[in-house]
Structures are given as C-alpha cells and as structure tokens.
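Following: one structure in structure tokens, then a few remarks.
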Amino acid sequence: MTSALYLEHYLDSLQHLPIELQRNFKLMRDLDDRAHGLMRTIDLMADELLPTIPKMDEETKKDKVNTIQGLFNKAKEYGDDKVQLAIQTYELVDKHIRRLDSDLARFESEIQEKVMSARAAQQAAADQETNTTTVKKGRKRSKINDKTTATTGKKKRAGASSEEDAVASGRSAAKKKAVRKGATATANAVKEQEETGDLDSVAGMAHPSDVLDMPVDPNEPTYCLCHQVSYGEMIGCDNPDCPIEWFHFACVDLKIKPKGKWYCPKCTQDRKKK
C-alpha cells in the first residue's frame, strides 16, 4: 500500500470526527450552563434562608436545607456528566492517534521490505557479473598460454636470439594483462561502493522511527490508585481533602455509579479511625 492510500484511508476515518467533537463540546457547554444556573439559585435561596433561620421552626428549616442539598446534588451530577463527556472526547481523539501510529508502523515495514528486496537483487546481479567475468578471464588465459607455448616452441627451434625475444614478449603481455585486470577490479569496486552507498541512503530515508516515537504527554495529570491517566468511567471521592480525587471504576471494584456519597478506600479507612 502506497503512502497516498494510507493518507486517503486515514482522512476518510477523520471525516466524522469534527462533528462528534462539536456535539460533545456543545453538550459540555449546556451542562456547564445548567450547573451555573443551579449554583445561582442556591446562592439566592441561601441568602433568603440565613436571615430567617432564628424565626423558623425545625421542620421548615429542615425542608429548606434539604431543598438546597438537592440542588447541590443535581449540580454535582451535571459536573460528573461533564467530566464523562470530556473523557469520551479525549478517548475519541486518542483512538485516531493510535490508528495513525499503526499506519505509520505498517508503512515503515513495507519500505524496509522493498529496500531489502532491492539490495538482494543488486547483490545477485553483482555476483552473476563477477562469475561471468571470471569465466571469460579463464578462457582468455588458456588461449594466451596455448599461444605462448606454440610461440616458444617455434622460437626454440629458431635459436637462442629468438628465445630471448619470446621471453621479453611474454613478460610484456603478462604486464599488460595485470594492468587490465587491476583496472577492471578497481572499476568493479568503485561501482559496488556507489551502489551500496545509494542503498544505504535510501534505507536511511526509509526509517522514520522518530515519527513513530510519540510518547504520552508527560504533563498530563494522573489519577487513581494505579497512577494512570484518565480513561473510561471514573468516580470522584466525596472527601474534599482526598489527595487522589478521581478513581477508575475497575480499580475500586465498581461497575455502576453508587447512589449517595462515595469515599475511596483510603478515605474510608481514615474516617473509620476518626
């Protein structure tokens, strides 16, 4: 799969993301407005209640306080729903980030396979060319030896002077052959070095491992007994002095949100000690 196809598929998956994010943000804003409206109502009721407390009987006072407490609980539910929406929005974006990481990893693997295949093909071609050159040199050397032997026989019969000329001619031919062999070997070495350099350059470009190293944001706060970031359903401890505040359902053995106030295991132990 080419990089263009990876990009096209990823952009298709992002098509509905803006709409979903806009919907979640709108719901969060509505919940926030409702919570602020309840808090303003609570402030007005508290302002009316405080001056008249000495004149009220116990039953009326209790009803007023219960009404204010009910409004507080409703505002807290709005806040919890807002937190859940924020967590869902974060997980929605994080899902697309994880998919992008996976696509990049597959793309890098395909590039590595192509580079290795190209390198193996070039190595095989170089080996074949070397074998062909060796066979040709062997045949040429055999012909030269046969020709030298025939010439030497003739010159031996011709006399001592001709024998010296044949020896000089043989040395000159051997020197020229050595020069041609050295030049051929040098040219082959330079060519192989250039091909290897090109492959290494392509391989270096095909390893964007730095792009895949996308660690979790170190500034993101951690919660719960497991000291992990927020995910899934979470519940807040009703103790205002709780050092942790938020907990994952699974870490505190919860499947549904309990009714009434809830305290974390540490705060529960502290309350029992008191």
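Cβ coordinates are placed from backbone N, Cα and C, and glycine is handled just like the others.
Keep in mind that TrEMBL annotations are predicted by a computer and have not been checked by a curator.
Annotation comment: TrEMBL describes Cys224, Cys226, His248, Cys251 as Zn(2+) 1 binding site. Annotation source TrEMBL lists Zn(2+) 2 binding site at Cys237, Cys242, Cys264, Cys267. As annotated by TrEMBL, domain 'PHD-type' applies to 221-270. The region 'Disordered' annotation in TrEMBL covers 122-198. Positions annotated as site 'Histone H3K4me3 binding' by TrEMBL: Tyr223, Met234, Asp238, Trp246.
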DSSP helix/strand/coil residue counts for the domain 'PHD-type' (221-270): 9 helix, 8 strand, 33 coil
Nearest of the recorded positions (Tyr223, Cys226, Cys251) to Cys242 (Zn(2+) 2 binding site), judged by Cα-Cα distance: Tyr223
Cys237, Cys242, Cys264, Cys267 excluded, remaining Cβ within 8 Å of their centroid (Zn(2+) 2): Asp238, Asn239, Pro243, Ile244, Glu245, Phe247, Tyr263, Pro265, Lys266, Thr268
Rounded to the nearest Å - Cα separation of Asp238 (site 'Histone H3K4me3 binding') and Cys264 (Zn(2+) 2 binding site): 8
Residue from Tyr223, Cys237, Cys267 whose C-alpha is spatially nearest that of His248 (Zn(2+) 1 binding site), among the recorded positions: Tyr223
Distance check against Cys224 (Zn(2+) 1 binding site) for the recorded positions Met234, Trp246, Cys267, keeping those with Cα within 10 Å: Met234, Trp246
Cys264 (Zn(2+) 2 binding site): nearby recorded positions from Cys226, Met234, Trp246, Cα cut-off 10 Å: Trp246
Integer Å distance between the CA atoms belonging to Trp246 (site 'Histone H3K4me3 binding') and Cys267 (Zn(2+) 2 binding site): 12
Tyr223 (site 'Histone H3K4me3 binding') as reference: those recorded positions from Cys237, Trp246, Cys251 with C-alpha within 10 Å of it: Trp246
Pairwise Cα distance for Met234 (site 'Histone H3K4me3 binding')/Cys251 (Zn(2+) 1 binding site) [Å, integer]: 9
